[in-house]
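Presented below is the structure to which this report refers.
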Amino acid sequence: MLLEYLNVNSIHILPKAKSWDDISQELLKKVENDPIKEDLQNRLGTMPDSLFGSLGPHILIPHFRSIHIKTPEVFLFLIPKGIHLGERIVHLVLFQMIPETQPSLHLRLLHGLSSLLPQIFNELLNCDTESKVLSVVQRGESEMKPSYKNLNQSQIEFELQTNLQNGLSHSEAKIRLKTFGKNAIENEKSAPIIWKFFKSFFSLFAILLWVATALCFVPGVDMPELGVAIFIVVVINGIFSFFQESKSDHAVEALRKLLAQECPVVREGETTTVPADEIVPGDLIVLSEGDIVPADCRIIESEDVEVDNSSLTGESTSARRYKSDSEIVLEGKFLWLEMPNILFAGSSLIKGKSKAIVFGTGQSTEIGQIAGITSKIKREESPLQKQLKQTVISISLFAFVIGILFLFLGYMVAGLSFVQAFIFFIGIFVANVPEGLLPTVTLSLALGVSRMAKKNAILKDLSSVETLGCTTVICSDKTGTLTQNQMRVIEVYFDSKSYTPQELETKEGNQIFLSCGYHCNNAVLDPKPMGDPTELALLYLSQGRITNVNGKRIHTNAFESVRKRMSVVIQGDNFTTAYAKGGPVEILSVCTHVYENGSVVPLDEDKRLKLKNASDLSAGKGYRVLSFAYKLLEGYPSPEILSSVESSMVYLGHCCLADPIRPKVPDAISKCHTAGIRILMITGDHPLTAESVGKSIGIGGESPVVITGAQLDKMNDIALKEWIRKGEPIFARVSPSQKLRIVAILQELGEIVAVTGDGVNDGPALKKADIGIAMGKRGTEVAKEAARMIIVDDDFATIADAIEEGRGVFDNIRKFSAYVLNSNPQELIPFLLWALIPGFPLLMTVMGVLAVDVGTDLIPAMGLGAEPPEKGIMYRPPRNRNEKLISIRFILRSYLVEGMILFLSCFATYFYFVYTECNGILPLSPVGLNMANASPSYLQSLTAFFFPTITVQIANVLCKRSRTESIFQMDLFSNRIIWVGILFSFFLCGIFFYTDLSSVYYFAPIPLHVYLFAFHGTVVMIVYNETVKYFRRKRLRLN
């Protein structure tokens, strides 16, 4: 806490200091901002009289708040000889400089420092250098027993300059509202949607096409049809780009919805209702059952208060809150959120009523700070987005450079006119640019999203589908994700033996045990289950087993974290009974007898030790252990007896409770391990519980390494990386900020990280992760907005299924990328032949290129995007983050092998047409490529060269459905989209060849025998792919 604001430069040892003035002068030297220095100088003279001085006679913690201070600072002054302040001799002054708008930070520091400084005071006095002082503070923070020493009510009243009876005056509230601002969470401004839409049409790729479009309308070029066609391509790509990237981030907006709209406030002694955004620090607010807490506040009056903190923590268990001025010692890491006398903005009262003093509003609240962290975390582009951008840019630049090169070659070497050379440039450029790639990728991702939705995984942005596929580590919650989030009694220790719930039914004397769990309970099952999950589990245990449910509760000693037990007094028809439940140690401490062999016997030390060992054994298995006791009372007890029922009780035994593992989880964990994915459990639960769950589902092996939040705080990043590299450590009692650190460390190690979460505090980690996964049932709106994926059924097994689907999507993108690129040589080579061989006709026009790229190839490619994941895809290791979507090897295979098969088939069909229909004489291109003057035989020759693109790509698309499975073994007709695409390609050919559009695309019908000859390429492509698959299968069998 202190280390966040303290460093060597802010520590000062003053051996010569003799008075407060010496301290003041030293402090002023450190302040460079003139307005702050002026305000501080005016305050320093009177400050010793207004110090928070409850830390003994030798320590002072003065503070100074100012509107000019932007970031908090802390200065530590150590005075070995001491200075006299009245009757005190002060050796340590820790001076806080806090922004006026952050009073909650000031109070939080006071809470923690008042516990820390007295513990390390003597060590600090022995330090002779600033670095030693810092070292003592570091050790003190890591080793001290977690506690908060509360300010008493008069100190709170003074610090917040308010009145605990009458509240603030109306005029003071207005001044503070102007100073602190509205009690609202600020939303980071994002670019207007119209700007995002506009930007989608001006990527590097789009700009090049815009230039080509404009030039088509330049006098002398006069190719308006081509200009319109390229314009349509640009618009289609821009629209798909916009829809793929325009997902806005509403995480902060979701936080706003958690806050109350209005709240009763005491001002000038009268209670009035004001808008919640007008509440200010120092306001006295009144809360009752059902209210949402509008700001962070300290309880000054309470009556049986229970709060729902799930909006902050994600934990569904209610928590008791009460007024407390005494020192509070808490175990674990969630100290501030578990403070029993503090209510946090966004939580709600589910029981009781309270009066509280506000100390934090707006961005200064816990929920506001989370909003600040969440909004500052910028999402990185997904691996697919990076790969697509690199691929499109690389291919576009390649196309542009090659086009420019051949423009000069055509103009300077081949003797083309500039117009001809420019048309040549456009042809080269359009032939190489993958105009259909982005629409096809987007539609493929959309199909993946649709399939995943059917498996209970909702993806919020399309690129996340593929990111899932290269996930290498999953950081998973325990409660509700790996387990069912339904506490159940697994085992009962009663009458010196252990029983299952079913065995307890037939155990003699079981009614007294079941009655204790039933009556000492605040939960209800009817009309619907409501209450603490542990208490509901006890009701389920007794349901159908207990015979006597009659009795009236006449007294309750509520559960408190200090006592760790609860007791009730039940008046029946014939007798009155006190029942108690709680921690084994706490229940044993109030017992003098034990139920044994059907009778009550004295509880001696041997029996007490045996019972304690039995409960320890159960706790060691990871169970939550609750012990039971009872006591018979005579008649109607007097108030004195009621107040002392927790004494001389009879110990009954204990219940072992656990949250059962979800049935599909062990298999899902095994599936992930097979796929090379590590699972790190990160939970706020007890280490033993986490270890037990990890063992039972296969995380961390036979002896999992468990790292607690306290241990994590003491680890530097290097040590943490070493532990993470070793395997699957389990992290227990971990805070959300530590969870964020673990995610960041994993990403530094090059891992692609998926993180599950459900509470507001999980927001930063969910947003930081490559894939944030929120729980659909129990997740807060904030978690859902910060995440990229929502699991509808909260089941870890759904995540494993989604990863499999994600891998399949990337496979599909590669398949149709290869399919689309295969046609590039067939589109490019005709332009090279035309430019480099004098008199050789142009076999493919630019309009023909577009007919393939955004026409005949498009729907079959979409069909490849609809393929389900291949068998065995989860036996592969995760894809490397840096592995390219389209590598050099990939391009060479597409261009030089499959692409050449396609080109040679087109070339062969073209020469077959020339030989059979033109007597072996090549039909020449029209002069200046003025297609209005093209001969009928030349237009037919363009058709003869174009049509094999369809026939060869039929074989190509069918073969590419699987990397290893033979086309003769797969179900050819299981993918209907591919067959629709094939039929649509033939339909387009009919339109291109036999309708008036033939004059736009420059085609003409050819004889039937030429069409049939074109199918020879289908056979060649199938033979090639089947040969490749045969050797792939052989290699896989050897491996």
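Using the three backbone atoms N, Cα and C, a Cβ is placed for every residue, glycine included.
Keep in mind it's a predicted model, so treat the numbers as computed, not measured.
As annotated by TrEMBL, domain 'Cation-transporting P-type ATPase N-terminal' applies to 147-221.
If you look up TrEMBL, you'll see 201-220 (among others) marked as transmembrane segment.
Annotation source TrEMBL lists transmembrane segment at 226-243 (among others).
Marked as transmembrane segment by TrEMBL: 397-430 (among others).
Here TrEMBL flags 831-852 (among others) as transmembrane segment.
Within the same chain, residues 818, 821-826, 829, 843, 921-923, 940-941, 944-949, 951-953, 956, 1006, 1010, 1013-1014, 1016-1017, 1020-1021, 1024 sit at least 6 positions outside the transmembrane segment (895-915) and bring their C-beta atoms closer than 8 Å to a C-beta of that stretch. Residues or ranges marked as transmembrane segment in TrEMBL: 895-915 (among others).
TrEMBL lists 935-956 (among others) with the feature transmembrane segment. Counting residues 6+ beyond its ends, the transmembrane segment (935-956) has Cβ neighbours under 8 Å at 819, 822-823, 826, 830, 841, 843-845, 848, 851-852, 856-857, 860, 898, 901-902, 905-910, 912-914, 917-918, 922-926, 982, 985-986, 989, 992-993, 998, 1002-1006, 1010-1011, 1014-1015, 1017-1022, 1025 in the same chain.
Residues or ranges marked as transmembrane segment by TrEMBL: 977-994 (among others).
If you look at the transmembrane segment (1000-1024), the same-chain residues 6 or more away from its ends with a CB under 8 A from one of its CBs are 225, 845, 847-848, 851, 897-898, 901-902, 904-906, 908-909, 912-913, 916-917, 931, 934, 936, 939-940, 942-944, 946-948, 950-952, 954-956, 958-959, 967, 992-994. The transmembrane segment annotation in TrEMBL covers 1000-1024 (among others).
Per-residue confidence over the domain 'Cation-transporting P-type ATPase N-terminal' (147-221) averages out at a pLDDT of 75.
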